[in-house]
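Down below is the structure, laid out as structure tokens.
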Amino acid sequence: MGRASKDKRDIYYRKAKEEGYRARSAYKLLQLHEEFNILNRDEIQTGVVVLCAAPGSWSQLLARHLREEVGGRTEKQSLGAPRIVAVDLQEMMPIEGVQLLQGDITSEATAREIIRLLNIKEDTASVNDAYVDSEEDKSAIQTDKGGRSTARRPSLAPGGRNSYSDHTNSCEKKADLVVCDGAPDVTGMHELDEYLQHHLLLAALNITTFVLRCGGTFVTKIFRGPNTPFLVAKSEVFFRHVIIAKPRSSRNASMEAFMVCQDYQPPAGYRPSFDRPLTTTTRCFTPVAPLPPAFMHLQSEGRQITQKEKKGVEDQACMMESVIVPFLACGDLSGYDADMCYDRDSDVPVLPPVHPPRQAPYMTTACKNDEDSVVATNGAEDIMKRRRVE
């Protein structure tokens, strides 16, 4: 009854099951592509990285889209299928043509393994999952004979620092596109949800600076709020074009949107680091802002600034720092509306989910509750036996 009710309420939920997607979020990425052409095959030659990939609908869409593009080319024109690396803390069901990596996006070991999977040779490529342990003493990856990945201590440069942090092999290829659909479990307290999601966004941006090539594209979910201009300004340090977009399949009542960052150009002198990541709010790698013109004019005259003039300079500086964040609503009035209810024909069967999660939190909770109930039952039986004996 619950699935039938949701089928009626959400047309994209129903369509996702009909077309074999694990979640309705696949249509969000597809609608962003229709607006920004982010999945252009000519621009994606090395590979794509999907952060916070579970349950895997974005990875499914990427695999289908990029494989169809390759299949439609002639043998001479074909550039080969680009790699797709899906990263998440949770274990995922396998997806054909996608490398699954279970790891933490705040760990340098995960960034190293992503680069390795993007550069692995075709004849040694495997769709087996790779596992990353986020502990500091197990922060690197080593693949064993069974195809699994075991952790080992990273090699250090002569100066004692991690060689990966200091230098990146120039022959290593990096991703052309990084996408992230990550969000914390919402609590209903919008300020807290926004705070947690923004830190997740900054963590995704930080690892993106490791694995994305110059000129590449980064797409990430964002919860819109008072701090949105700060995140846009921080992203504009690394990307030439940044815009906030809301796909039609995203409900209007939701504060969810997506930040599309194009043309990655890191500033001179920037080195990606997990020691001082972009999630640190006490510092920000930004160029020094120029002085307001009025202040420069008063300084050049070499005279003391009065309180009235100082207030005028501060007001002008505040106006200069004001940012109007560009926002785009994808699509038009045609097509389906994510906030409408569409009747489902009575003879149409209610389809089950494509793939249930492997290790959902509610499963662990249910098992724990079952164990507690068994222990409680056994304890009650023991008490009754003692009373009978007495």
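Note: Cβ is positioned from N, Cα and C throughout, glycine not excepted.
TrEMBL annotates Gly56, Trp58, Asp88, Asp181 as S-adenosyl-L-methionine-binding residues; of Asp10, Asp104, Asp263, the candidate listed for that same site is Asp104. The binding-site residues shown are Gly56, Trp58, Asp88, Asp104; of these, the one with its CA atom nearest the CA of Lys221 (active site, proton acceptor) is Trp58. Those residues noted as binding S-adenosyl-L-methionine (Gly56, Trp58, Asp88, Asp104, Asp181) have their most widely separated CA atoms at a distance of 18 Å. Across the domain 'Ribosomal RNA methyltransferase FtsJ' (21-264), the prediction's mean pLDDT works out to 81. Following the DSSP three-state reduction, the secondary structure of Lys221 (active site, proton acceptor) is strand. Asp88 (S-adenosyl-L-methionine binding site) falls within a strand segment according to DSSP.
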